[in-house]
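What Swiss-Prot says about this one:
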ACT_SITE  H65  active site, charge relay system
ACT_SITE  D110  active site, charge relay system
ACT_SITE  S204  active site, charge relay system
DISULFID  C31-C163  disulfide bond
DISULFID  C50-C66  disulfide bond
DISULFID  C98-C256  disulfide bond
DISULFID  C142-C210  disulfide bond
DISULFID  C174-C189  disulfide bond
DISULFID  C200-C225  disulfide bond
DOMAIN    25-249  domain 'Peptidase S1'
CARBOHYD  N44  N-linked glycosylation site
CARBOHYD  N79  N-linked glycosylation site
CARBOHYD  N101  N-linked glycosylation site
SIGNAL    1-18  signal peptide
Amino acid sequence: MVLIRVLANLVMLHLSYGEKSSELVIGGRPCNINQHRSLALLYNSSGFLCGGTLINQQWVLSAAHCDMENMQIYLGLHNFSLPNMDQKRRVAEEKFFCLSNKSYTKWDKDIMLIKLNRRVKTSTHIAPLSLPSNPPRLRSVCRIMGWGSITSPRETLPYVPHCANIMILRYWVCRAIYGSLPAKSRTLCAGVPRRRIGSCLGDSGGPLICNGQIQGIASWGSDPCVNHGAPGVYTKVFDYNDWIQSIIAGNTAATCPP
C-alpha cells in the first residue's frame, strides 16, 4: 500500500513537473522493459529525481550530487502508472562518499555508494550490473538510460525510462567545450558528435553501460541539455573500483584515488 501511494505521488510529479530536478535522456527511445534491470530510481517527496545502478544485492552506485534527504530507492520499476509485481522500494542504510564532507567538483569525485536497508533478490526486472574489468575503449558504443527529461530547456518527464546509445570520445573534446575542465580528470567524455543525444535533467547518477558493465555515472553536461550536440561528462567508474570494493567488503575507512 505504501508503495502504491508513493507511485501515485510520482505520477502527480510528472503531471505537475515544473523547473526542478537534476539530469534525462535526450534523443533516446523508451527502454524495453527488460533492458534496465539494474537501473534504480532515487526520489524524495520534494520531487528531487536521480538515477542509480544496482551493483550487487545490497549496493547502489550513483552521483554524489544526487544525495538527498529522505531518499527512497526504487528497483524493478518500469512504468510509473503500472507497477511491476517484483519492483521494490528501499531506503539508504548508509551512504559513502570519497570525502567525508561530500566535497566534489564537476571533474572529480562525483560518486556516491549507497547501502540499502535490505537486500533485493534477482528477479524478472531486477539484476545487478558488473563493475568494469577494464576502462572503456575510445569510440566504444555505450548505453545511457534514465527517467530524465526528454526535452530541454522545457522539461518533459516520461512515464518509462528512455535509453540511447552514445560513444566514448576523447577527453579533449569535452575540455574544448567546457573550458573549466583540467588537463586530466577521472571522468569520461561521451556523446554523439553533431547529434542531440545524451543525458538531461533527472538522469544524473544513472549508468553509462559499455559491454554489459557500468563504466560511467552521469554527472553533468551543457545547459540546455546536449546543446548543439555537446557531449556529457561521466564519472569514470573504473578509477574507483578499489574504493567501491573496499567499502562493500567492510573497509569503511577506504579512501578514493587522489
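Placed from the backbone N, Cα and C atoms, the Cβ positions cover glycine too.
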Inter-residue Cα distance where the pair is C66 (disulfide bond) and N79 (N-linked glycosylation site), in Å: 22
State the mean pLDDT for the domain 'Peptidase S1' (25-249). 92
Most Cβ neighbours within 10 Å: which of the disulfide-bonded residues C50, C66, C98, C142, C174 is it? C50
Between D110 (active site, charge relay system) and H65 (active site, charge relay system), how many Å separate their Cα atoms? 7
Can you tell me which of the disulfide-bonded residues C31, C189, C200 is spatially closest to C98 (disulfide bond)? Compare CA atoms only. C189
In whole Å, note down how far the CA of C256 (disulfide bond) lies from the CA of C200 (disulfide bond). 27
Under a three-state reading of DSSP, tell me whether H65 (active site, charge relay system) is helix, strand or coil. helix
Which state, by DSSP, holds C142 (disulfide bond): helix, strand or coil? strand
How big is the Cα-to-Cα gap, in Å, between C66 (disulfide bond) and C225 (disulfide bond)? 18
Distance from H65 (active site, charge relay system) back to N44 (N-linked glycosylation site), taken between C-alpha atoms, in Å: 14
Translate the DSSP assignment of C174 (disulfide bond) into the three-state scheme. helix
